[in-house]
Amino acid sequence: MGQKIHPLGFRLGVIKDHKSCWYADAKRYPELLQEDRRIRQYVEKNLANAGIADIRIERKADQVDISIHTARPGVVVGRGGTGIEQLRLGLQKALGGQRQIRINVIEVARVDADANLIAEYIAQQLERRVSFRRVVRQAIQRAQRAEVKGIKIQVSGRLNGAEIARTEWVREGRVPLHTLRADIDYSYKTASTIYGILGVKVWIFKGEIIPGQEEIAAAVPAQAPRRQQRRRQQFEDRSSEG
């Protein structure tokens, strides 16, 4: 079943946390849940060119804390902070009420190791009518440079304008979907082309997380770096086959 279930939902409470963190009674829960969806849709629509990787929402009484993880923080903040202020005012107007909205902008450290950003890159290239095999090969090479443990990319639809829709996928390295401690990043995007909609799915395996390992690692002091450089992991690119 690890092949069928959503990789992030499968690991909630084990190694993954919820993207919305708040508590509410039964009467207000549906309202706040729909409000979270409106917030995410508004941010993704107004910051479509900012490379949004993740949106986290926390609530404290009448205060809403929104953390935006982005590859281009300068686009979100704007000159002199005008961009983030316009976003905050727009959200207040869209939500209504007297809620205090606080926005935190966090830069993504490893852009090429984020499934959401890679899926968005593939979708944008497909909309520009670039060959899907070339796009997938480039995305895999970018992920390899980011030293991920494994990556799987699947593209579905009328590929290269073919009459019959089909599904093509490429995997490099390990992507253990059934292992709960495996840190799997997953994203799904759609590309609108003149031939129809193409679906893009990306799985990225970043390594294994053992619960409690972070506390043990923090307690042990860091050792001096070795002089011998660690050999980078190599992948065999099979995206051109078939």
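Here, residue 1 is simply the first one shown, and the rest follow in order.
Glycine too: its Cβ is placed from the backbone N, Cα and C atoms.
These come from Swiss-Prot:
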type     : residues : note
DOMAIN   : 39-109   : domain 'KH type-2'
REGION   : 220-242  : region 'Disordered'
COMPBIAS : 233-242  : compositional bias 'Basic and acidic residues'
Query = How many helix, strand and coil residues does the domain 'KH type-2' (39-109) contain under DSSP?
reply = 30 helix, 25 strand, 16 coil
Remark   = Model confidence over the domain 'KH type-2' (39-109), as mean pLDDT, sits at 91
